[in-house]
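These notes concern the structure reproduced below.
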Amino acid sequence: MDTSISSSNEQVSKKQRLSPNSEAEEQSNIHVNEHSNTSTASNTSNYVALPYAGKHKKSVTSVRIAPTHTNVVASASADKTVQVYRLPQNITNHPPKNPQKNAQKNRLKSSKTLTPDLTLKGHSEGINEISFTSDSRFLASASDDKTVRIWDIQRCSDTALVELSGHTNFVFTLAFNPSNNLLVTGGFDEKVKMWDPRTGACVSTIEAHSEAVTSVSINHDGTCVASSSFDGLVRLWDVGTGSCLRTFYAEGNPPVSDVNFSPNGRFVLTGTLDDRLRLWNINNVSSSNGGCAKTYKGHNNSTLCSRSTFITSDTTNPRVVCGGEDGRVHVYGVNSRKEQQAFKAHDDAVLAVDAGGGEGGERLVTGGMENDPCVRFWEPKERAVGN
């Protein structure tokens, strides 16, 4: 049964609401991985483009690397489709024999179009976000047609298994929990909904925000959901009860376009429309610094919902990565806050970005807007050259 919980009538105590008045940041190193590593040294290489790219007819709004293998990548688009790619393992990215200043730019222009293994059609409007289950068997898509569809990727079926209906406006964001028995969605109807993905039943509805919900994320043990909104707030929700555990916001209350739990669940990364990423210590509620541990700046993001994520494949050098409205991708060191790399990835804004590691190796995937609706694949330079 659908249980509705309203945040508009809740009493959020002073201890629950983080003050934005001061954003003094933690100077000591912090750990975002599930397994801590005290080393801060890094030989992490810059990313370079692989010689092929996916192609949509309209803006690429979301990209996801399969959790169990980085050679499987899915992309979603305003063209109403999801494409699933299996990246070739026999195509290498050797650098040109005569390196030149614009070598990367030339490689992007000469990229071979990669044919998707599977194209999923069924939504009547553009798709805003996709999410894999943790075993990479299924994928969910959220659309402007106010529905969510769940697809069987393992069987390569182009027919949706389940259609979830209940939002009264665009469904903008979604995420599976680690056990794959709960799907959380957020929409322009200002609600967060929780669903049983096996039956399509809505099990809980939360009146979460006063403006559109832009992003949701679930922590590592599935007990807590983070939601962000154009109302400038980030809220943490207890999955079991639907109660609001915490509300926080950045100084100036800028709209929040993205939210991600760190792999260890101790921190939340937010993207805000003031050209900033912020890393929040969710347990540091009573501290005078408002819980903001680190701020990252250097990218251009003041209008669009451009995604961000953690790169944790190198445990000695955890990083965060985001797209920019100028077509560039920016990589920051979690602890140093320094920009480790910024590179031109697309000829239009970069809305979509994802990072993955493990079997198949470290990889970055990006998606561009209308003037460059491509899906591009990136690897660390030394791995790409060594293939």
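Every residue gets a Cβ built from N, Cα and C, even glycine.
Residues annotated as compositional bias 'Polar residues' in TrEMBL: 1-11, 18-31, 89-103. Positions annotated as region 'Disordered' by TrEMBL: 1-43, 89-120. The feature domain 'WDR5-like beta-propeller' is assigned by TrEMBL to 55-379. Look at TrEMBL and you will find 120-154, 164-205, 206-247, 249-284 tagged as repeat 'WD'.
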For the repeat 'WD' (164-205), sequence-distant contacts whose Cβ falls under 8 Å of one of its Cβ atoms, 6 or more beyond its ends: 1-5, 125, 128-135, 138, 140-144, 146-150, 211-218, 220-222, 225, 227, 229, 237, 239, 242, 305
Within-chain partners of the repeat 'WD' (120-154) [C-beta distance under 8 Å, separation at least 6 from its ends]: 58-59, 61-62, 64, 66-69, 72, 74-84, 160-165, 167-176, 178-180, 183, 185, 187, 195, 197, 200
Local confidence of the repeat 'WD' (206-247) - pLDDT mean: 97
The repeat 'WD' (206-247): DSSP-derived helix, strand, coil residue counts: 0 helix, 23 strand, 19 coil
